[in-house]
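For reference, TrEMBL has these:
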DOMAIN    4-384  domain 'Major facilitator superfamily (MFS) profile'
TRANSMEM  39-58  transmembrane segment
TRANSMEM  70-88  transmembrane segment
TRANSMEM  94-115  transmembrane segment
TRANSMEM  127-148  transmembrane segment
TRANSMEM  154-175  transmembrane segment
TRANSMEM  210-230  transmembrane segment
TRANSMEM  242-263  transmembrane segment
TRANSMEM  275-292  transmembrane segment
TRANSMEM  351-376  transmembrane segment
Amino acid sequence: MAFLLVLIYLSFISLGLPDSLLGSAWPVMRVDLGADMSLAGVISMVVAGGTVISSYLSTRLIRRFGTGRVTTVSVLMTGLALLGFSFAPAYWVLLLLAVPLGLGAGAVDSALNNFVALHYKAKHMNWLHCFWGIGATAGPMIMAAWLAKDSQWRGGYLTIAIIQCALSMILILTLPAWNKAKKQDDGEEPQIKALSLKEAVSIPLAKQTLLSLFCYCSIELTIGLWGASFATGEFEVSADRAAAWVSAFYLGITLGRAVAGFISIKLNNLQMTRLGEAITLLGVILLFLPVGEVRVPIAFVLAGLGCAPIYPAILHQTPKTFGEENSQAMMGIQMAFAYVGSTFMPPLFGFLAGIVGIGILPVFLAAALGLMILCTEWVKHGYEKRDT
């Protein structure tokens, strides 16, 4: 199982690589393609829409093809989509390529999260998403390096596409490892139970958990997509510097999850969620303070550190909250709801920013964070009451 864990970590690096590229490159891309600022949200919406669909269908895909095949095909699909991004001549081409990019991300996300939640301890879930953070941090750093060379955003996308395709080749060559690991697993595999959306939301604490993930992805994706535009619009910093600040946000997530893996040995999932929300709140509050542009990268790092344990903790809690037999179905539906937040909230913010101004970002983040805290506290008290 150790070698398989390495493969899963590699898969999550590839999953994180494209997540923050669009937000980092958009200030330059929109000029090159002649697109409005708010149209980045539409691309993000299409990507997340594809992710919602594949996440919801992940239970059926995994039952038929297995986790290994689903993961391999998904990584390859995202690599080819990013390759298309690097050669896109117009905005509408990006919209078409956003479909396979989203479909590729959704199924692998759901499959690997549930696999780790069932077979590994909480520390491995944190470290799994730490490796996602490595990819998400490396993505805008690579893009920033290309942007510094005469705003060559296409080179940034091409570089990430090559990395993605290389990782997919590694996964293809190591597909037998999944079957070997399954045979070596002495534990009895729980029967994967398919749930309709109606059945899923009727499970106690499901609605609150789904809304929590909706809010979390709203916060993370809005910072990732609009953080650079906020920095350039409010403080007139250069595009490459703004991209580096967004990279600092994902660096905070990455380092936070590395540390959270050790902290989770002492704290349970519900306590880790509360700790992360408190740190995120500090970062959001800092964005309101009149202390100049220096507050932005510091706030982004704090928000990243705070976001770090929240998502892994909620996901790792899934088999405990909903039962192992419902775990894969609930994980897929949770991923779908999380990406519904990714689908609608960043473009909603883009719409609001077009009317009010990009400076509304701190208010938007505070509202989403407040609702998430309310829902996670509801889940915490409900779960503890049920187990007493």
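The backbone N, Cα and C atoms fix where each Cβ goes, glycine too.
Note: TrEMBL annotation is automatic and uncurated.
The structure displayed is predicted, hence computed values, not measured ones.
Most Cβ pairs under 8 Å with the transmembrane segment (351-376) belong to 275-292, among the candidate stretches 94-115, 127-148, 275-292.
Between the transmembrane segment (70-88) and the transmembrane segment (154-175), three or more CB pairs separated by 6 or more residues in sequence fall under 8 Å, so the two stretches touch.
Fewer than three CB pairs closer than 8 A are found between the transmembrane segment (39-58) and the transmembrane segment (127-148), and contact between the two stretches is not assigned (pairs 6 or more residues apart).
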